[in-house]
Amino acid sequence: HVLECYAILVQPENEISSDCNHLLWNYKLNLTTDPKFESVAREVCKSTISEIKECADETVGKGYLVSCLVDHRGNITEYQCHQYITKMTAIIFSDYRLICGFMDDCKNDINTLKCGSIRLGEKDAHSQGEVVSCLEKGLVKEAEERDPKIQVSELCKKAILRVAELSSDDFHLDRHLYFACRDDRERFCENTQAGEGRVYKCLFNHKFEESMSEKCREALTTRQKLIAQDYKVSYSLAKSCKSDLKKYRCNVENLPRSREARLSYLLMCLESAVHRGRQVSSECQGEMLDYRRMLMEDFSLSPEIILSCRGEIEHHCSGLHRKGRTLHCLMKVVRGEKGNLGMNCQQALQTLIQETDPGADYRIDRALNEACESVIQTACKHIRSGDPMILSCLMEHLYTEKMVEDCEHRLLELQYFISRDWKLDPVLYRKCQGDASRLCHTHGWNETSDLMMTPGAVFSCLYRHAYRTEEQGRRLSRECRAEVQRILHQRALDVKLDPALQDKCLIDLGKWCSEKTETGQELECLQDHLDDLAVECRDIVGNLTELESEDIQIEALLMRACEPIIQNFCHDVADNQIDSGDLMECLIQNKHQKDMNEKCAIGVTHFQLVQMKDFRFSYKFKMACKEDVLKLCPNIKKKVDVVICLSTTVRNDTLQEAKEHRVSLKCRKQLRVEELEMTEDIRLEPDLYEACKSDIKNYCSTVQYGNAQIIECLKENKKQLSTRCHQKVFKLQETEMMDPELDYTLMRVCKQMIKRFCPEADSKTMLQCLKQNKNSELMDPKCKQMITKRQITQNTDYRLNPVLRKACKADIPKFCHGILTKAKDDSELEGQVISCLKLRYADQRLSPDCEDQIRIIIQESALDYRLDPQLQLHCSEEISSLCAEEAAAQEQTGQVEECLKVNLLKIKTEMCKKEVLNMLKESKADIFVDPVLHTACALDIKHHCAAITPGRGRQMSCLMEALEDKRVRLQPECKKRLNDRIEMWSYAAKVAPADGFSDLAMQVMTSPSKNYILSVISGSICILFLIGLMCGRITKRVTRELKDR
């Protein structure tokens, strides 16, 4: 008891004389070697000695027996023996020289490391635990230096670690630590009972508390470093994991100080067993968790980090050693946010992350745990604490309102390393280890051969197989595929979580995307510059984009932005296990819904623009048309060129009425979808966009992209466009008129009217059907206005009216050859051909089909002057000066044409006068082309001319005869309008004489003096006939006389 008390008293502040000290030490030394004590030990520990062969064989009288029993005290079950040895232990451990063999093994090292008496002269020469502490520091320092100047001998190393191991259960036995931490023990661990390493554990847990004394913290760190070198220095760990270590062959008994003794090896070996689904006791797992957390908290416990990262720590991360901040600082540097990190340091960090395995339990990473506590409480409270899915939950909430900045940084720093080694995601490893071994040739969890692989290579292999079709070969199991997709969706948020992408695209990121620092912008930027990227980077970005086209949910930020649209319009396809491009197609189709927000719309459009760069980036299109592309469009890469190639083939086959289409049916269907999507935004038609960039800037700078608004703006400003742009717009309109379904604006504005009036019409006849129903009372005004716009466009050039072109294919070259010779392939004729055909219509010289089509055009343009390009072109001044009020009317019903006819005498411009005269001439041919007259005389036509077939001036002649007939009473308005027309026609006849016989005949038939003129002409013909007969008789007689001669 006196000795125990003395052991507690030996402290600098408790003065004990040097003589007393020396006397006590000699007494203790004698105790260990005294045969009496040895004989007591043999008596008290009889059965124990017989069980421990090592101790039974010890030489008698040297004191070795007591030391041996102290070494094996963990195995002593006899109560009396245990009590006796415990007391002897306290005495022996009070000074290193009392420990059996220690002095012999470490004598030279004590001198080399200058670990002799610390307090020479004044104090006891035998400095209690200070010498052991000094040797321990020397051992630790050696491990942290690449080329240590002083090396501890192997024998002494074993002795030091053995002493540390023997003192592992009771912190009183580590004299230096005991005295350094005595006050801290009272402060933090007052209620912790000594024994089984409990006090050590308690002090370790409080190591980074502000009130922890520096000398205690230092002593604790030294002990932790010894544990890192030999797990047996931790009593609780060695005890709890003993059976598991043996079971999974994680230690080699005859090599207790080899690498198998290192804490990192033990952790890796047992973690491997856990990850393989083996049973490891809960006590052992609890201990492992504590020590993994310990390694993550303090970088200095890992010699590899100190060796490899010393320069980086000093340069970037000095003064941050507490609570894992230094490690996270180094992680931040690795991510490229604070400079560069050497490969050795990066590898040391990767190894440490594997040893500690924070992916399995976020609590191991204290810095992450503290930073993310609030997020876990709110966003992940439904998940059990310590569950590996907590990290997944945090990733799901990355860049959301629930995420806090500090947590975001710590999470991404950790995920950077997890993304580089697929085994560090425990859920992925558990569900995919079979697939990875089968398809990617991986090895065991802690096998070093996997480290030779490129970072992220295994996961890349897994996701390539995840998106393979069954025809392409081996696929992943369902649960592994789901896990791979989950991780892909999460990691797509940050390019740095894709090791291959960051590695191969580092230069390109700096070159093209240095300013794109916001979330998700870097990948978008790389996609935008795809053609400019280095080959390896382009391949990786291309492959990732191809994956996105199949599974757009990889674009997590886009999915969040589009959530309302997905819920309302696309929930059916969003819930599919396999996406196959359906979700993106749905988002594109609903891009202009009222619920659509700007972020989602921009994201969807960006993806559409990226898709244009490569045919492979449109999954559905690729799958439907890959055989057709190989056969018909080989060596074409850009999607827009593939679409043009295939659609041209389809169009040619249709026009030539081929028996069998060269493009397969499934491809034709998908091609249609792609064509329709491209019409929505001018940027999706790169050739048109490039040709019109300057024009967009000049005329459409205030117009937003999307909804075909820019294209519509260019159409409205067509006359002002640059030649190249004008040509492209003309070609676009030609295509749209041949296939009106490609006219995005028309289809959008008239969507409901198409359902109402044209549900059965196919895409080619859609506009024709709308035109026929344009004047219906049920027609929507906006749609009516759009139809009129398209009619105006069609009338500028016959090539923009496919129905007319087909009906008049013989008449146009016959009557309008001169105009065609001057025409250019890609610019409008400004209605010249249609004007030419109108004149021939008045002459009644057109084929029946062509005449029908021209009649429709004349009827429509008679109601709306804007549908007559030549009239607009030549009479613009007259319309604005003479008929401004009529032109401004909201609804055009022929008022402008009537105004010009009435004011014919005031028109000065010859070309305008000619156009108005042509109108008058056309109106003679058919009353339907004169809407004002037709409206005024509608009742009279019904009463007097109902039996007469319309066309070729028949109904007009009928009305003229009725006007002449005194017995017929016409409506006053009809009578007035007819008289006005007669005056106009008579003026027209004076101003513009008949061009030919048919024109003359028409003028006569419609003249007010028709009967007089006809009687004069008839009389003249009779006289001529009689003269002819008389002349014929005379010539006949003369001829006969000549013959007779």
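Including glycine, each Cβ sits where the backbone N, Cα and C put it.
Whatever TrEMBL says is automated annotation, not expert-curated.
As annotated by TrEMBL, repeat 'Cys-rich GLG1' applies to 15-77 (among others).
Marked as repeat 'Cys-rich GLG1' by TrEMBL: 151-211 (among others).
Per TrEMBL, repeat 'Cys-rich GLG1' is recorded for 279-338 (among others).
Taken from TrEMBL, the feature repeat 'Cys-rich GLG1' applies to 340-402 (among others).
Sequence annotations record features per position, and here TrEMBL assigns repeat 'Cys-rich GLG1' to 475-534 (among others). Taken residue by residue, the repeat 'Cys-rich GLG1' (475-534) breaks down under DSSP into 41 helix, 0 strand, 19 coil.
What TrEMBL lists as repeat 'Cys-rich GLG1' is 595-654 (among others).
Marked as repeat 'Cys-rich GLG1' by TrEMBL: 662-722 (among others).
Under the heading repeat 'Cys-rich GLG1', TrEMBL lists 778-845 (among others). Averaged over the repeat 'Cys-rich GLG1' (778-845), the predicted model has a pLDDT of 88.
What TrEMBL records for 907-967 (among others) is repeat 'Cys-rich GLG1'.
According to TrEMBL, the transmembrane segment annotation covers 1012-1035.
The highest tally of CB pairs under 8 A with the repeat 'Cys-rich GLG1' (778-845), across 151-211, 595-654, 662-722, 907-967, is held by 907-967. With helix defined as DSSP H, G or I and strand as E or B, the repeat 'Cys-rich GLG1' (279-338) counts 46 helix, 0 strand, 14 coil.
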